[in-house]
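Take a look at the structure set out below.
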Amino acid sequence: MNSQSNLTQFLKDSESYKTIPIVETITVDTLSPIQIVEKLKQDIVYLLESKDESSSWSRYSFIGLHPFLTLHDDQNKYIARDAAGQKLMQKQELKELLDWMKEQYQIKTPDIDIPFTGGAVGYLSYDLIPTLTSVRPHRSASTIENAHICLPTMIAFDHETNHVHFIQYTQLTGHETEDEKIRAYKEKQKQLEQMIHKLHSKVDMKELILSGNMNEPPSFEHVTSTYEKAQFLKDVEKIKEYIRAGDIFQGVLSQRFDIPVSVSSFELYRVLRIVNPSPYMYFMKLKDRDLVGSSPERLIHAKNGHLEIHPIAGTRKRGTTREEDAELARELLEDEKEKAEHYMLVDLARNDVGRVAEYGSVSVPTFTKVVNFSHVMHIISIVTGKLKRDTHPVDALMSAFPAGTLTGAPKIRAMQLLNEMEPEPRETYGGCIAYIGFDGNIDSCITIRTMSVKNHTASIQAGAGIVADSVPENEWEETCNKAGALLKAIQLAEHIFSEKESVQDESPTISSC
């Protein structure tokens, strides 16, 4: 570590900025993001990880520690609070609060070539939609806040180079003497060295060994649903009636599954990343719950004014050989129902990008390409555009939110109908996980294939896209199948990590899944 040159740069940066990064980079061999979290877990707030070797989207994992600022919504306003919970600022919109933060803290971004070097990390609940659209709130009040957390310490793990970048932001008031700046620098440098030293220590971590039982189907024993099956089937028919009447083209009806758990959220995550690896994986500690997820689908990416959405619709299980994969891909691209749904979602994405893009800049450089993931293949297109001048990147995020793949089309009418039918507010399901960088860049994924873990209960929500020729029983089964990978992860985690009998309740089992 070249501390003297770093100090010289730090003092120079302090002339123009109040929040200055100190960066140290190490190269590792056997260390993994999982081991880093285990060794530093008392301080960890989130792990954002890419885990799908066959996907070109996967390269970086990001770990956040020591929150200093939380941005959350409260009665249609956004509030910034410090680590002690003291209210610092209130604004009408998230983008206004982010702009205040940028001005207040005068943050310098580090000169390092990675997509995220620090910023706000968090989630937007699906139930945010009444503040963005004319859709009325769900009849049952949502219990979850929208929140983004800013952290002074971040670790970026580059899986391609095996470099681990430690970024420590140092906050100044702007009135320090040079001696005070040097002391502040040395204190942060010491914290960095202590953190890196911890990574050399041994950790008591139970090895995750999965055997042949990975291939067994998930059990729905002790799993309950918020939706009565008979009502779900009736609501599928209702949506088909609205489609025949011309109100909508598609509606995504969902149900929530609850299952008791006795293992930790991070143990659930460790198994999920093996059972269902995806380009967007996350373990997040929130105020009243943890989120554990493996989403395959980007919501929107904004970098230096370039916007990108990846509509996904159309799915087949992977084959066992290249030849079988090729045959399945051909069948998928010839399936008229799958193609029609995909075309509709591409049009939705073009519309979402078009609202915030320069006129004439929206394009579809990749159209209906079959991409292989670990267990499935999807039809994917890419829609791009150039952000309008003087338009905030957060406006692009809000334009795409919520994803049409989780609502149906047209979005507004579909969301209105879903709010009338679904028995509970969606909360995190169908929302997004996002990072909003200090540099204004954004990456986000749709909150699907996700567990919300609270009070020893894991909640999993899954939906089915209802179209004119949908068979109600098949749509019910589709929601059960989509929840299956996460239920399997829970049951494997209980088998591997639990030192006591699994937590049970007296709720009836869903025997029909």
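Each Cβ is built from the backbone N, Cα and C atoms, and glycine gets one as well.
From a predicted model like this one, the values you see are computed outputs, not experimental measurements.
Database features, via Swiss-Prot:
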- Ser50, Pro279, Tyr280, Met281: L-tryptophan binding site (BINDING)
- Gly314, Thr315, Tyr429, Arg449, Gly463, Ala464, Gly465: chorismate binding site (BINDING)
- Glu341, Glu478: Mg(2+) binding site (BINDING)
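A map of Swiss-Prot features onto the structure.
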| residue | record | DSSP (3 states) |
| --- | --- | --- |
| Ser50 | L-tryptophan binding site | coil |
| Tyr280 | L-tryptophan binding site | strand |
| Gly314 | chorismate binding site | strand |
| Glu341 | Mg(2+) binding site | helix |
| Tyr429 | chorismate binding site | coil |
| Ala464 | chorismate binding site | strand |
| Glu478 | Mg(2+) binding site | helix |
Nearest of the binding-site residues (Pro279, Met281, Glu341) to Arg449 (chorismate binding site), judged by Cα-Cα distance: Met281
Rounded inter-Cα distance in Å - Gly465 (chorismate binding site), Glu478 (Mg(2+) binding site): 9
Distance in Å spanning the most remote Cα pair of Ser50, Pro279, Tyr280, Met281, given for L-tryptophan: 6
Pairwise Cα distance for Thr315 (chorismate binding site)/Pro279 (L-tryptophan binding site) [Å, integer]: 16
Rounded to the nearest Å - Cα separation of Gly314 (chorismate binding site) and Glu341 (Mg(2+) binding site): 8
Longest CA-CA distance among Gly314, Thr315, Tyr429, Arg449, Gly463, Ala464, Gly465, per record bound to chorismate, angstrom: 20
Spatial neighbour of Tyr280 (L-tryptophan binding site) that is closest, considering only the binding-site residues Glu341, Tyr429, Gly463, Ala464, Glu478 and their CA atoms: Tyr429
Distance from Met281 (L-tryptophan binding site) back to Glu341 (Mg(2+) binding site), taken between C-alpha atoms, in Å: 26
Spatial separation of Gly463 (chorismate binding site) from Pro279 (L-tryptophan binding site) - C-alpha basis, Å: 20
Met281 (L-tryptophan binding site) versus binding-site residues Tyr429, Gly463, Ala464, Glu478 - nearest by Cα: Tyr429
Inter-residue C-alpha distance, Ala464 (chorismate binding site) and Ser50 (L-tryptophan binding site) (nearest angstrom): 25
Spatial separation of Ser50 (L-tryptophan binding site) from Tyr429 (chorismate binding site) - C-alpha basis, Å: 20
Alpha-carbon distance [Glu478 (Mg(2+) binding site); Ser50 (L-tryptophan binding site)] in Å: 26
